[in-house]
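**Student:** Pasting the relevant annotations from Swiss-Prot:
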- Asp8, Asp9, Ser40, Asn92: divalent metal cation binding site (BINDING)
Amino acid sequence: MRILVSNDDGVDAAGIRMLASVLREAGHEVTVVAPDRDRSGASNSLTLDLPIRLKRIDHYTVSVAGTPTDCVHLALTGLLEFEPDIVVSGINNAANLGDDVIYSGTVSAAMEGRFLGLPAVAVSLVSRNHDPKHFETAARAAVEIVARLKADPLPADTILNVNVPDLPWNEVKGFEVTRLGNRHRAEGCIAQKDPRGNEVYWIGPAGREQDSGPGTDFHAVRTGHISITPIQVDLTRYQALEKVASWVGGLSAALDQPA
């Protein structure tokens with residue numbers, strides 16, 4: 001298969017290098033289009049106020065001065081001379097579980113691929129303290145998932161968010177289909193002062209696990225399983241439509257009132 005690989009940790013990150021290498025060893029034609037530096041947390045952002053510069057590192061690798069979404073968007077709308085069969089994003093060097101997907105550049109790169117018409121997979125290694133040990137396990141998982149998608153494609157609107165426990169392959173207990181869990185509210189920002197006495201702030205840590213019981217991505221990884229969560233671009237909360245329609249009725253009544 002022709003595979004477009006991207007990430008949010010940057011084109012030189014260990015995870016993307018391992019992913020591209022193992023996919024090539026499996027016989028796939030791999031092209032890497034990835035940010036020139038770490039763009040974690042960039043979510044679905046596109047660069048619209050500046051031209052996007054790039055560097056062709058070799059015939060199969062392009063470094064982009066932009067976001068993960070920029071990378072996939074450019075690749076699929078004119079940068080590449082061919083249409084890939086699938087987009088695989090990763091391997092992220094930490095979890096993308098539950099609410100993490102809202103902020104994740106790794107997931108957003110996959111989402112952009114799906115938005116532009118291709119099957120898409122986001123792969124993350126759930127390491128401790130951002131100190132990943134077993135990228136080869138996550139890469140092996142990606143190879144198996146890509147092979148399965150080739151043999152038995154999923155519905156066209158499906159994005160697979162894959163989280164892999166940081167274990168040797170022979171210690172992984174299996175694959176598990178999950179839903180997204182969620183976290184408690186994020187911890188507070190961190191206030192400091194720069195050398196000139198000016199206020200500066202750092203975004204604080206993500207919240208702790210909240211909804212993380214059986215069936216969630218958190219639980220699967222915690223019990224040694226590879227979590228596969230199908231997600232989609234449509235963010236509509238369908239179960240709330242009837243309630244909100246009734247609520248909007250109260251707003252509509254205001255139109256009958258004199259100004």
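Every residue, even glycine, has its Cβ placed from backbone N, Cα and C.
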**Student:** Validating a neighbour-count step here. Other CB atoms within 10 A of the CB of Ser40 (divalent metal cation binding site): how many?
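**Tutor:** For Ser40 (divalent metal cation binding site), the 10 Å Cβ neighbour count is 20.
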**Student:** Fewest other CB within 10 angstroms, which one of the binding-site residues Asp8, Asp9?
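**Tutor:** Comparing Cβ neighbours within 10 Å for the binding-site residues Asp8, Asp9, Asp9 has the fewest.
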**Student:** Starting from the Cβ centroid of Asp8, Asp9, Ser40, Asn92, which together make up the recorded divalent metal cation site, report each further residue of the same chain whose Cβ lies within 8 Å of that point, ordered by sequence.
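**Tutor:** Apart from Asp8, Asp9, Ser40, Asn92, the close residues are Asn7, Gly10, Ala13, Gly15, Asp38, Arg39, Pro68, Asn93, Ala94, Ser104, Gly105, Thr106.
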**Student:** What kind of secondary structure is Asn92 (divalent metal cation binding site) part of, going by DSSP in three states?
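**Tutor:** It is in a strand.
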**Student:** What count of other C-beta atoms do you get within 10 angstroms of the C-beta of Asn92 (divalent metal cation binding site), across all chains shown?
**Tutor:** 31
